[in-house]
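Encoded as structure tokens, the structure appears first; notes follow it.
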């Protein structure tokens, strides 16, 4: 009898719950409904629950929306954090009206709260929906401030989640950004309009899942919120092969699915789209800052200590100079050890020079310079001493090298070892200054 | 009576026909079927007909495929050209086994033929499908050479068509490339496998249409071609709002739809996704060559005559120098007049330095140099004389400026007007040399 | 060269055009748009065009609708007939407000017009849509009269078309009725609401096609007609295997597909669902009248001349009696020659006794009788003389056989040949009377 | 703080789990996988789990299938029952090879087991899939016996479930049968082929849900079972509004959804399709037996005791006669009290006379008669004494009433009270005989 060889299965694939809500201007109603759904998700053993955009409220007018908006430490977020802690459940608050100050419109912020009630990430919506047709008019910029920063995915007990909001789903580059940065799941909390929802919602979510080979989790507002605003609903979960594995009925409620990280692996092994991409012909540059603290850099066969590295992008790093020609003379290199610019990939090239721009802007601003020399000694015959591509950024001021500005080159032509050398302390201090400017 | 005020409608929206075929190794069978469908499309007044990938044949083995492959001027393409001319119809031959030489595997080439039987564009498939799972194994690289060039859309009587083939549909950046370059229609001739077809085909085609707001025309192989190869079919036409407006039945045949350029305009006005994109945070660089002949360039307030411009990318151009420091000392600038690198967009930045790389590679190769100096004088205090960003590329050889390589900088520090000036003839000659290398 | 053996293909599969309209209360606007689309369909060589429900207008109120309604011989239908004749095109006017008299609400009538401008069939919508939910309220019975008759499919140059309107699509029995009666195409002109459309429209149309293995042609109203009424659109053509082969974009216009009767045959051979149906366990009875004139009936080894047959249902016929016991004593038999009731299929059984009811009602009414004897002599031992099931209907009046009503049986017990025989003229006359009552 | 007014929600909507399996000929493998999934479903708190058709095995050949088949009390079903009991979970074993005897092919039986391990219903598949096309050949009749009985839905803790198997989904009348009989859920365990699955599966399941306004639960075989047999998968749950609320990924596993009986109610109130049906024009007769024991019948103003009622169909009942003219003279009446046949609905008419046929067959067989008189006295003037339609069935034998068979009528013409009256014991005995024959 088979039942006798019972090998108790370990449930390795956590269940998640995705919400569909018909939120209104009544914040109490909304949070009570949220509470009810969290409780239900808990009963089904879910590890994480996903609320849609406008998880706090949907105002009946711009004025009401502005009036109802709260800061991140307001009552509404406190309640969500409390619920997360009480129910020991991770919560994605897909979007709330984040009042950062009186002076600017609230951001549309997607917040993830852990099961201790701590906020682990805040993402301000990047792409604003501005539709203005006979059928629908909704200009998000009129009542919300756009975000300005790409955030890499965040670790949770159900996998690494890449955060998005609603309209972001139309921009495949953002999803690919998350994929490249290690996402298992893309979250798209939304409040899609009915006309665009029925034309595009499911197709775009599935396409994002197929292209990134991630789970896509799309919580949604549904139905009539105010006299003039309705949402499409169709909250759903899509698996990494692009299949809708759960979907809410046409009303408030939950749908459920397992998240299986092994399945992601299997799908990616089956079809290696990252590998098949033609990075030699096109590449997407993402303006992105990485932490520098405690991370040494490799510079040819040398190590640049973390204390000298003041900036990191995805593929490059910037560091201070042992022998600066002038104050602010810094260097930018690709992460990968590459001797010649001819060996840089298009992605590295794009990243390197966009990083040069970012660094240059800050250094010049700091030294109140308006000019700079950007120089690469590409190859031994061009004076390259360290066999790892590095771009010199040399701030310039009026007559800093005498009457002829090009005198600088004469100085540069002197071998750098003849120039005075900075102490480690000086370099660490310089690093600290730039970091502060670059990571405000 | 309304019928009396008959105002004869001009049919401004041409009808197109999209094919579904079950091609085999029998080239005669295939071309006869093609002929039959062209004739039918003609009867319904179609202006253009779209054939799928493998429009010539599907071999029963790699060996057979290699044996059956023909060059572009072989019998099969001659027949398609003849049919185009005879029926006065534009034809997209979605993919054929293009035998370019005995030494390399055939390319997978999408060809468009005009109604005079002339070939107007050839696109070699860029993304190769290499699936190797328990369910399917199909490694395209084993029997086909990949393309190496992005082609902008081509003008036809039904609109500007961006060319793709099959697996390309999984890479949204390629579709966006066509959109940026002015496409009205994206063509995706295909021979999708059954398992991937039923999971992904329609979703990806519709997503591409929605994101680019173009018509998507997807001809397809269908059914059982050989004992071991079957295709998914579902040849279809998607409108720029993402709707499937025509689809073939499960067998060989045609489907029909109107192409309405006004509808494209309407859809794009309704939702301006190009405008809503966050180009400040991410941007895709496309390695792309543009024609230079006859096109002058703007360099600050000057005009660089076409005879001095030897390379153009999407956002940059390269030109020869009036006062070169050494032979091969050339310049690269952004198309847009921008004084400082701080004003470059991420897209321009990426394009500029990828162009520097492309140009540098060729110049160094030509002058048999292995090193180069790359330098930007960014701002007046850094020696910038022309207020338009320009990157110096200076090839370097062993001891070209004496024992100390950095002596070059001393020379560069001398004002350029002190250096000998090239004649226009010399410059045109130099331009011609580089062009030949860059546009082989 | 293959093009030299040109065998001109005969286009055997006619193209049809299906309309999507945004009709309003303005009948002139609507008919002009109709005209424009007919003209366009003609240019593409279509043989038939399908207009949606409310092809005449959509009123802004019930009162306006009643005021705008016209009879079948009104101006609107005249114009459609004129257009059919002028353009030599068959037209399905999917639904118009058919004012039959001042006293009753207009019917919702689907009309097919041939290419001479003649009306070949009128179908009054059977199933009325009465939705009354928080989301939608639309009670068709408040402004329209329901039809009362099943119509078998009608011959057209594109195939036999079974007529339906809109909400009928939810009732698979009606579609199956058309299939059984020989339909190639089911037409579903519609004006679906947006909420029900996005939830059900495509699924139901495709299911009807799959189950009946017919083409499904669904013209549709689309968009905003009045301040309070909008329609879902998605006019489409589905092939007999259930695939959407054409669909209109989200606006007024046409979509096109070929109708291929061979494909229907192929699909039906592939999967014989009619044969696989469990007619022994369930069967649908359709109340349906068939013409009797000129059609003789088979009664065991005899022929009953058409002049004696006064009613036909799908599986039964009713005829007058050579030796009636009383005036109005008539007989009903199954079409199939079956001796015993044990050999009747469930479908024949249901049809036979529903026919008995229909006939009995009319005969009793005519003879002003309120009672009847219904009797079957099933088998020789029960007095059956003709080996073909026949049901006696014998009208009864008070004391018609004397004081004991059961005296009738004594008369019936006398052999029928002892009773007086009617002349052929008498029988024909009696037949004529009943026919008139049954086919008013 | 809202979290303080915690009102613990009662989870009224049970979760169900639906399986997707890749069963093979290896029964051990299959049951172990089943065990694993039951355990997982239990962990997520599911009340019921649904296994697909071929839940026991899929043979590599007809011979192997016949060899592996077991009776209902074999090891496989014992194991399923044990698992149900151990895990306290209801199980639908969607289909197993039910070896009823050595002489006939196994039935394809869908079994529901309660959480005590008791079998509560067995349904033998009615519609056999017999496809024979170039693409697929699968003749179910060659390896399986078809069922012969409609079963009304069965009560479970998640709702009333109407049982079907696979191909049954193509026959809307069967689903409607369940709906009429009170179903909340339709179960469609399946092993669809890939080609028909991708063309029809989801559409048909959704159509069945929409038309019946029931949940549809469709467990499924998936992937490659043997060298020549693969299944489509796409196990899913559809809500009563037709939405796919859960679906399995493309591999073995589970999907989950809540069953909410309130939502069914809400959907049915929103759109009353049962009420909108044109029962006056079409009606489906279902051959169905209902229990008679302990259920009295109403006959006009009288009560016929259960002990006299020997047969019940959906709309009719048959009973023994107090004053039989001959042995076996019985009566059949509609359930509804209706005086005249003119008041019968088409459904009652069809049911009444199909019931007459069923009863007549059995009575004649029992009395070894080959003939019968079927008679209705319709109205007082026709001798009707009880104002409730009743059909006389009078078995007839050779010369049973003397030389002239029609003498019977003379007897019938005598008032029934003059005939001898049966005792209640005699009638109960007669009832018992017929019941035994009709409910074997």
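Any Cβ shown, glycine's included, is placed from N, Cα and C.
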Range among A:383-387, A:388-392, A:393-397 that TrEMBL annotates as motif 'Histidine triad motif': A:388-392
Helix, strand and coil residues within the domain 'HIT' (A:295-403) as assigned by DSSP: 30 helix, 36 strand, 43 coil
Cβ-Cβ under 8 Å with the motif 'Histidine triad motif' (A:388-392): same-chain residues at least 6 beyond its ends: 299-300, 329-334, 337-341, 343-344, 352-353, 356, 373-376, 378, 412
Nonlocal neighbours by CB distance (under 8 Å) for residue A:383 (substrate binding site), same chain, sequence gap 6 or more: A:377
Chain B contacts among the recorded positions A:321, A:383, A:384, A:390 (Cβ under 8 Å): A:383, A:384
Candidate with the highest Cβ count within 10 Å, taken from the binding-site residues A:321, A:377, A:384, A:385: A:377
Between residue A:390 (active site, tele-AMP-histidine intermediate) and residue A:321 (substrate binding site): CA-CA distance (Å): 11
Pairwise CA distance, residue A:390 (active site, tele-AMP-histidine intermediate) versus residue A:384 (substrate binding site), rounded so that it is a whole Å: 9
Pairwise C-alpha maximum, in angstrom, for the residues (A:321, A:377, A:383, A:384, A:385, A:386, A:392) that bind substrate according to the record: 17
In the chain carrying residue A:386 (substrate binding site), residues 6 or more apart in sequence that have Cβ under 8 angstroms from it: A:299, A:300, A:302
Set of same-chain residues at least 6 away whose C-beta sits under 8 angstroms from residue A:392 (substrate binding site): A:329, A:330, A:331, A:373, A:374, A:375, A:376, A:412
Cβ atoms near residue A:390 (active site, tele-AMP-histidine intermediate) (within 10 Å, other residues, all chains): 22
